[in-house]
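See below for the structure under consideration.
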Amino acid sequence: MLVLGIESSCDETGLALYDTGAGLLAHALHSQIAMHRDYGGVVPELASRDHIRRVLPLLEQVLADAGRTRQDIDAIAFTQGPGLAGALLVGASVANALGFALNVPMVGVHHLEGHLLSPLLTREPPPFPFVALLVSGGHTQLMEVRGIGDYALLGETLDDAAGEAFDKTAKLLGLGYPGGPEVSRLAEFGVPGAFELPRPMLHSGNLDFSFAGLKTAVLTQTRKLANTCEQDRANLARAFVDAIVDVLVAKSMAALRQTGHKRLVVAGGVGANRQLRERLDQLGRQRKLDVYYPDLAFCTDNGAMIAFAGAMRLQAAPELARREYGYGVTPRWDLADIRLPSAA
């Protein structure tokens, strides 16, 4: 089965072709970072218009790269939510039109399920069950994953996501957009322990997160350093990253203890952070745990994860293959609400 995946939930347009027999055949991505940089963040209207411009050329690109035609497509998977409503509608509209024209089934995919399953695209995918740490610009969650469509929420952020905290800290430090990678790069030059920042909810006794207080602590420090030198900024960035990593690692280890699982999957844009990976890998070796990550190319939003998640859902529950076109979008959507019929 050849599945076309379409991702358009925010500021990246991604398309991919995944074959259930041969694996990932092709993927293409257009990032809108340059367009949004002048605004310091994503402008929803501009994002939607750019998706419209990019989606069909990217479709032709992946077909050419895979040596396939539109008539070879057996099913279409698209990001149904969560995300920006206008951006989601672009992908959904293209999926509906193509599905109708080609008379092939389509399936709406939860954006976070795509991230959660993206490590399964690697050469050594994790077997079920496992704990997943989803850390991105808009979400920070710990999930227990028992199988395709069988997910249980263990904990989540009560305010800012880790990625949001990175972006807001970047602005406080006068860094560019997107903020997450800029903060991480600056932190490489920082001296550990030069600043003391809180580890919110580190000892809360549950698996929830909170990063708003950490952001406020960074703001307080920047105000004290009115004439901040570059080394001070690097030291503060290092303190911030260390605080984030400490909390993410501690909560992940607690989730593994609570569930009894020995496998941890880390996905989402923040999952590309070097310090986070090094800490988790070190603990994995010490505690005989297996830690899995997606390829770096698939940490951020992409069409490959949507094509793969759609293919897995259709294989697990063929009744999801519908030709009832006119699918809408779900800008707000809890991952735990998408159980397959067989997992209900």
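Even glycines carry a Cβ here, placed using N, Cα and C.
Swiss-Prot names Leu134, Val135, Ser136, Gly137, Gly138, Gly180, Asn273 for binding substrate. Of Asp160, Asp167, Asp290, the residue it gives for the same site is Asp167. Record check, Swiss-Prot: Fe cation site residues include His111, His115, and the candidate from Asp281, Asp295, Asp301 also listed there is Asp301. A sphere of 10 angstroms centred on the C-beta of Asp167 (substrate binding site) encloses 22 other C-beta atoms. The local packing around Asp301 (Fe cation binding site), expressed as other Cβ atoms within 10 Å of its Cβ over all shown chains, amounts to 26. Sequence-distant contacts (6 or more apart, same chain, Cβ under 8 Å) of His115 (Fe cation binding site) comprise Leu134, Ser136, Ala267, Gly268, Pro294, Met305. For the substrate site, whose annotated binding residues are Leu134, Val135, Ser136, Gly137, Gly138, Asp167, Gly180, Asn273, the maximal Cα to Cα separation is 17 Å. The binding-site residues in question are Gly137, Gly138, Gly180, and the one with the fewest Cβ neighbours inside 10 Å is Gly138.
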